């Protein structure tokens, strides 16, 4: 590409600038670049830019900045997105005579700190900072580090949303209030934007020059405490691909000697980036900011309550404040307090504010003053038509002033509003669960027994364990309940798990089911928690941990657990005892709101001889538990809340199960307006045909398909008009489907 100036030499220098809002590229050779740099007003260069306005010189300031970092006196500071690279009018600021703790007068040119930083102390002085509550220990620790002679650079580390930035705002507020040591009196906390600092430094050496100028400015102003949020960004910021001169390396000497006081904030994971640079890390003093407790969060919310009430023009009840803290901690697992509780408070206020039909009183007052001024101006100019218009506007605004919302009319946000927002965020029916919780726990055993037949002992044990946990007597952080269901196939182990999910969590979809026959190999543990670093699939989430992370209120069913590899069972030792598991990405997943149920057929083989309608079952539990020791280790079995044996089903149990299955058939037939009536003899016949001591109740479902559903299908296809059907026994002992009316006629004739 040829030079745009001489059109002879190849262009080796490419400059970018914004002209009238459009980006323009200038391609120059070395000779033309030197000429233009020396004389930006060169006529050839002005012709190349296609600008006719002689007074407008878009590139003069650019090259002036390259030469001495000082624009012409009549040129405003260039923003960082333009070709000046963000240096603007900062050159003269550091050399002005001023007091060490005073803000420069408005007539002075802005320095880099004012251009790329925000004065947090000034914001605190205006009262625009939310109250900082419950962080006194962290603020005192930061002040102690800042009071040191060298290496006085605290770095706040903690999970996202725990209040790291709030600690710095609290420090700024203490400086404004004068509640700091003498060394920190009059200091100014400046929050530096590293991204803007790097922006516009396209030419090699510009960023280093800007950093040196920033350092010089900070050295001259001894009242500066520099705050860098996301401080890990300084590692690698501004470095070229083949160089090692980044912001972190430039700051190292000043940080070690105490010439620069720096406060940083970053997360635990991102602080590892700084830890990789040992020389930089030793100059930092980490301050851990822990997640507040629920009680501390409630105190924080009450402290900022007034700010949000004034902003949204609503009122928060004490119940809503407590619900925001407790329910967010209980149902929102992938974020941290107090951030998630504050978000609930803010969103609830926003939701209620949208229902208000009024304008902010401050806006009305401002518009009224503007209308009165415009009316006066129109009257002076004898524009009476315009004056009449503004007179009507003034009357309108005064009428709106009378409709100001009063304290009595201010909408109140209750616990229900918070619950509704959580339902939208998590798809958990929080309101329904809370309303039903009391009565649900009382009648839990009865509700389960109505769906799970013949396992009253198992149901009673489960209900007691869950009630004990919900009342608050359970061990903290452990799952709501952990059970091992043992018994022969087809006796209701999986069915009880499904009904338990419906009763406790409102839907069978809340059950997370795993067939443990898929986890028979040693490496299959990675499928549950995610592959470790260096293995294929590392970026993919684990099947178990990811589902529980997004749906913490779930029932986890591990079917046929004895078939899984022993390492899988070892992994669940921590889950059953501590209620937590770390996935392949290093995230800790909580199981404290889940119910864990494992089913097994282990130990039932030697007791099958006792299965039957009239068999005695004394001593059977002991034999099953004794056999479990051959399949599971003692430390594994010791961690369950209960090992529950499911007994073989009796004939009466099977009759009740048949009735439930037939009720399900009727429910499916109702979509076609068909109703089926089944006699007691038919039910007994179905039990005789479908019972197998080794198979439990599962063969009954196939029997009903063969003798009821298939027969109904054939009869309905031949008689589509018949909607009222009845299953009866024939004289030969077969099951037959007939019209209910015809069956009644025949039975009445036999009676006669």
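Please read every residue number as a count from 1 along the shown chain.
Every residue, even glycine, has its Cβ placed from backbone N, Cα and C.
Per Swiss-Prot, the features are:
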- 158-165, 487-494: ATP binding site (BINDING)
- 83-94: compositional bias 'Gly residues' (COMPBIAS)
- 365-400: domain 'UVR' (DOMAIN)
- 67-110: region 'Disordered' (REGION)
- 413-604: region 'II' (REGION)
- 3-32: zinc finger (ZN_FING)
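The structure, with features from Swiss-Prot marked on it.
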residue	record	Cβ within 10 Å
158	ATP binding site	22
160	ATP binding site	13
162	ATP binding site	21
164	ATP binding site	22
487	ATP binding site	23
489	ATP binding site	16
491	ATP binding site	27
493	ATP binding site	27
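Residue counts of the zinc finger (3-32) by helix, strand and coil are 3 helix, 15 strand, 12 coil (DSSP-based).
Per DSSP, the domain 'UVR' (365-400) is made up of 33 helix, 0 strand, 3 coil. Following the DSSP three-state reduction, the secondary structure of residue 162 (ATP binding site) is coil. When pLDDT is averaged over the region 'II' (413-604), the result is 81. DSSP assigns residue 487 (ATP binding site) to coil, not to a helix or a strand.
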